[in-house]
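Asker: This is the structure, below, for whatever I ask next.
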Amino acid sequence: MSLTPQEIKQRHDELVKLIRKYDHAYYVESRPLISDQEYDNLYHELETLEKNHPELITPDSPTQRIGESPLSGFSQVTHEIPMLSLENTYSKEELFTFLDRIRRALPGKKVSYTVEPKIDGVSISAQYKNGLFSLGATRGNGTVGDDITQNLKTIRSLPLRLELENPPELLEVRGEAYMSPKDFERLNAQREKEGKVLFANPRNATAGSLKQLDPRIVAERPLAIVFYGAGKLVGFKCKTQEEWLNFLKKIGLPVPILFWVCKNENEVYEAICKLNDCRNELPYPTDGAAIKVNEWDYYSILGYTAKAPRWAFAYKYGAERAKTRLNNVIFQVGRSGIITPVAEMDPVFLSGTTVSRATLHNFDQVKRLDVKIGDLVYLEKAGEVIPEVVGVDTSQRQGTEKEIIPPEHCPSCGEKLFWEGIFLRCGNENCPAQLKERILHFAQRNAMDIQGLGESLVDQLVDKGIVRDIADLYELDEQSLVKLDRMGKKSAQNLLKGIEESKKRDLSRLIYGLGITHIGQKASEDLARYFGTLDRLSHATEEELLAIPFFGEVMARSIVNYFRKEENRRRIEKLRKHGVNFVSSLLQTPSGPLSGKTFVITGTLSEPREAVAEKIISKGGRVSNTVSRKTNFLVVGSDPGSKLQEAQKLGITIIGEKELVDLLKGD
Ligand SMILES: NC(=O)c1ccc[n+]([C@@H]2O[C@H](COP(=O)([O-])OP(=O)(O)OC[C@H]3O[C@@H](n4cnc5c(N)ncnc54)[C@H](O)[C@@H]3O)[C@@H](O)[C@H]2O)c1
Ligand SMILES: [Zn+2]
């Protein structure tokens, strides 16, 4: 069931109210009412809602600002460089989406990453002027925080003077004040004896302590400090996060004892797992890993959202694990013919539901995990993701466990399977299992949202040969439907009504529903927004597709190939004949002084690139990632990239920020 606009608005209001309440309890009273993971779930729900309905975003929505407000009793400090939060995820899948997003924003560039423990304390900034500690501040609302210099001076691990021969004029270092889990327990035990309110966790104890106006009370609290970040630096330069952490250590500041430098995405994930294995032995409480782009040069390219940098994010260790027996493996055929091994297991309770099936993803994964039938396996589920087998308890092996052998023939149509890289695949275009998956994908909530079209019905429709293609759904009639099992007149009519209604869905959902390889929901929305109609999209060239921000070659080629295929064209004509909507309401109708003009931005401007892009779009212009002959203007900031040379080669008009402002004004 999808929500009506009114229900969506209601849910939005409700979430905003709840989150404000929890924020107040957490930040102001240092007394959380719910767990962090529950809080993050609500927060992500709000974010998703606002992403799909941007009209609901107000400047004071919790997604647009950082939680704390400055306290009375302290004087205030303005952060010249804002102190931001981190976007976070609990799921491995999303972790790779984040990494992917970073990599695609840096085409052709070599990127490495650092993985650091995410210390669960209170974010603070410390300024050292000519090597002497001169100012300490809380994050506050990100722009203005509280001056807690006197409180920080009571923390013994904070050096008041740096071990540095020629200290730079200004070093603003950022990090975390924290309480070790042991000290936290001791503090709470003592408070219990004294009949005082207990702190919920070390982070709240730290926050509560730093808020004390009397430094003598702070001095009695077992606080410690660790640094990892940079604020304003005068007279000092650094190129990578690795170099920075080593430098901090050298000059006598406490830094995370453990951190990893990773060359690629897989190494990042490995580091995250290693950290998880040992994090309970660390002196500070951790709730996750902080993943950062190592090269500082890229920070200006990647930029910032209202709340967080785009070059860093957090992976939180929230997901629960369960252990159970793997009894059998079945082979599922996906909508593109890829065979997925799926584990069938003794039912086990995991993050709120009983699960008895989990994905093994592919045969490479089977090999990597060295999992066998009969093994005791570990399962994990994060967010809404399907449970997956993440490990094997090999110490429990009996010797009777059986290998998982890839099948030779398609379990659905019997066709001989072939390998495509690590994927085993059925190449039969009429394979019933694939068709069923394609129909279910087309009908799902995020796509055409056809109510009443469930798995068992799709099975019948395909097995009886009634539906041979997604477009056939629009030819169903009551007569043929009532002949099916468990299909009364009423349900047949309801289904037909659902099918009829799906014709009105926005183009973005139709594109997603078509199931074009590599084109997910977000990409489908982008395509609808840029092209506006299916006909324009179907004639798009690779070059035009590459002009969409975050679109890579693989995606562009996949779209061009899709619309080139005869059978796909026939399907589209059939959909058209039945009156399926081919138009998007997301299209940004270009009207304004910049209408019809395409801009590319390079280098650092006075505000984040996204904000500049938005201004251009609001005046009817288009913004693209790549310079091509279709580019009208290249907007150049400081330290421009290779785009400048490309534009010069093509003779494109090059303008600075000032000229852009003039263009935005019109005339
Ligand atoms: N339980 C509740 O009711 C409740 C209410 C509000 C907020 N919260 C929790 O607080 C979070 C929001 O707080 P937040 O904005 O401080 O985000 P956050 O604490 O999840 O992450 C961002 C912060 O991590 C810190 N950090 C620690 N180690 C780091 C490292 N190595 N590198 C970079 N940063 C590091 C920084 O201070 C940074 O600001 C929520 O996601 C939620 O989990 C809970
Ligand atoms: Zn098949």
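Using N, Cα and C of the backbone, Cβ positions are placed for all residues, glycine too.
Feature table excerpt (TrEMBL):
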- ASP36, GLN37, GLU38, TYR39, ASP40, SER85, LEU86, GLU116, ARG139, GLU176, LYS292, LYS316: NAD(+) binding site (BINDING)
- LYS118: active site, N6-AMP-lysine intermediate (ACT_SITE)
- CYS410, CYS413, CYS426, CYS431: Zn(2+) binding site (BINDING)
- 589-667: domain 'BRCT' (DOMAIN)
Asker: Can you tell which of ASP36, GLU38, ASP40 has the least company, meaning the fewest other C-beta atoms within 10 angstroms of its C-beta, among these binding-site residues?
Answerer: GLU38
Asker: Out of CYS410, CYS413, CYS426, CYS431, point to the one nearest ARG139 (NAD(+) binding site) in space (Cα versus Cα); all of them are binding-site residues in the record.
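Answerer: Minimum Cα distance from ARG139 (NAD(+) binding site) across CYS410, CYS413, CYS426, CYS431 lands on CYS426.
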Asker: Within the domain 'BRCT' (589-667), how many residues are helix, strand or coil going by DSSP?
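Answerer: Computed counts for the domain 'BRCT' (589-667) are 27 helix, 17 strand, 35 coil.
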Asker: Output, ordered by sequence, the same-chain residues six or more apart from CYS431 (Zn(2+) binding site) with a CB under 8 Å from its CB, or 'none'.
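Answerer: Expected: VAL333, GLY337, CYS410, SER412, CYS413, GLU415.
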Asker: Can you give me the same-chain residues 6 or more apart in sequence from LYS292 (NAD(+) binding site) with a CB-CB distance under 8 Å?
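Answerer: In sequence order, TYR113, THR114, GLU116, GLN241, TRP311, ALA312 meet the Cβ cut-off.
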Asker: C-alpha of GLU38 (NAD(+) binding site) to C-alpha of the residue listed as 'active site, N6-AMP-lysine intermediate': distance in Å?
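Answerer: Pair distance, Cα basis, whole Å: 19 Å.
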Asker: How many whole Å apart are the CA atoms of CYS426 (Zn(2+) binding site) and ASP40 (NAD(+) binding site)?
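Answerer: Spelling it out, the Cα of CYS426 (Zn(2+) binding site) and the Cα of ASP40 (NAD(+) binding site) are 40 Å apart.
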Asker: Can you count the other CB atoms that lie within 10 A of the CB of CYS410 (Zn(2+) binding site)?
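Answerer: I count 23 other Cβ atoms within 10 Å of it.
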Asker: Which three-state DSSP class does ASP36 (NAD(+) binding site) fall into?
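Answerer: DSSP assigns ASP36 (NAD(+) binding site) to helix.
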Asker: Less than 6 Å between Cβ and the nearest atom of ligand 1 is the rule; apply it to the recorded positions ASP36, ASP40, LYS118, CYS410.
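Answerer: Going through ASP36, ASP40, LYS118, CYS410 in sequence order, those close to ligand 1 turn out to be ASP36, ASP40, LYS118.
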Asker: Determine the binding-site residues, out of ASP40, LYS292, CYS431, lying near ligand 2 in the sense that the CB is under 6 Å from one of its atoms, and give them in sequence order.
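Answerer: Only CYS431 meet the Cβ criterion.
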Asker: Counting only residues 6+ away in sequence within the same chain, which have a CB under 8 Å from the CB of LYS118 (active site, N6-AMP-lysine intermediate)?
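Answerer: Once residues fewer than 6 apart are set aside, LYS118 (active site, N6-AMP-lysine intermediate) is near LEU86, THR286, ASP287, GLY288, ALA289, ALA290, ALA314, TYR315, LYS316.
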